[in-house]
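Asks: Structure incoming, see below.
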Amino acid sequence: MTMKMMVHIYFVSLLLLLFHSYAIDIENEITEFFNKMRDTLPAKDSKWLNPACMFGGTMNDIAALGEPFSAKCPPIEDSLLSHRYKDYVVKWERLEKNRRRQVSNKRVKHGDLWIANYTSKFSNRRYLCTVTTKNGDCVQGIVRSHIRKPPSCIPKTYELGTHDKYGIDLYCGILYAKHYNNITWYKDNKEINIDDIKYSQTGKELIIHNPELEDSGRYDCYVHYDDVRIKNDIVVSRCKILTVIPSQDHRFKLILDPKINVTIGEPANITCTAVSTSLLIDDVLIEWENPSGWLIGFDFDVYSVLTSRGGITEATLYFENVTEEYIGNTYKCRGHNYYFEKTLTTTVVLE
């Protein structure tokens, strides 16, 4: 073996050793992070944890009344931990004040907690899940849920010519349960034929190809679930109101007073306004920048608030309490959309 080859092998071995050591350090830091999380749990939760198991976090999932609900055990869903657990079984238990009860098989589907008809009584319940691998390692997590009212029909506007080659995508907003059987789509109460020409379907998305004005209308998606206790499918629906509009003029006018007249010790504000040529679209975003060029958000002392309606977008810059340090400062208003960008400035002056 030549000296050059020996040196090459040495450096490769050293790199592998360093990488292995680094990976171990990362895993140890992840474990320490979750151990600290365990220490912050309230006593009513921590008392049920098995000290021989690692803690894998908590989850507070969204649920809708009268609809199916499902939740994964937190360590299985957490990107920091999921790679550790491949072949495993999951045990679910309901935590009560002075005891814990095993969740029946009818409330477990594919290892996930499954509630076919979520009612308000479930919103106060806590569930402990224990993941056990084939080699005996275990990790635990705690799941809660909170109620969110499903939205009514969600409006969506599509402008012809924006991305016609990709089509219009409509998302069926079922967020509360996994493991559905299928989704059927309707337009104006008539079932859509998924022919992969005009309409195609990918997961929860309906794609409308070759968009045209006539594609406007009401779109309903019906999600079908099954449950061993219920003879017929469980069906949940969502709807979208799609409005297809002709190609628009995206130019806009930016309006801003060049001076902010202020008084020391008092609040002040100034509004930057973008008026779109077309009142059918609100596609202008307005941002304020401080004298250093940093974007101003919703912070203390100086902050901005954005509103948009009917082709008019406004961003108001607020000063909670004007001090001498603000006098003479110049702030930049930047309005932009996909097509155009404009900027104006204003300077703080004493009245």
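Each Cβ is built from the backbone N, Cα and C atoms, and glycine gets one as well.
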Asks: What is the disulfide partner of CYS172 among CYS73, CYS129, CYS221, CYS239, as given in Swiss-Prot?
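Replies: Swiss-Prot annotates a disulfide bond between CYS172 and CYS221.
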Asks: May I ask for the distance between CYS221 (disulfide bond) and CYS272 (disulfide bond), taken between their Cα atoms and rounded to an integer number of Å?
Replies: 40
Asks: On the DSSP side of things, how many residues of the domain 'Ig-like C2-type 2' (155-237) fall into helix, strand and coil, could you say?
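Replies: When I sort the residues of the domain 'Ig-like C2-type 2' (155-237) into the three classes, I find 3 helix, 44 strand, 36 coil.
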Asks: Helix, strand or coil by DSSP: which one applies to CYS333 (disulfide bond)?
Replies: strand
Asks: Excluding near sequence neighbours, so keeping only residues 6 or more apart in the same chain, what lies with its CB under 8 A of ASN269 (N-linked glycosylation site)?
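Replies: Result: THR316, LEU317, TYR318, PHE319.
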Asks: I'm trying to understand the geometry here, so how far is the Cα atom of CYS129 (disulfide bond) from the Cα atom of CYS272 (disulfide bond), in Å to the nearest whole number?
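Replies: Rounded to a whole number, the Cα-Cα distance is 52 Å.
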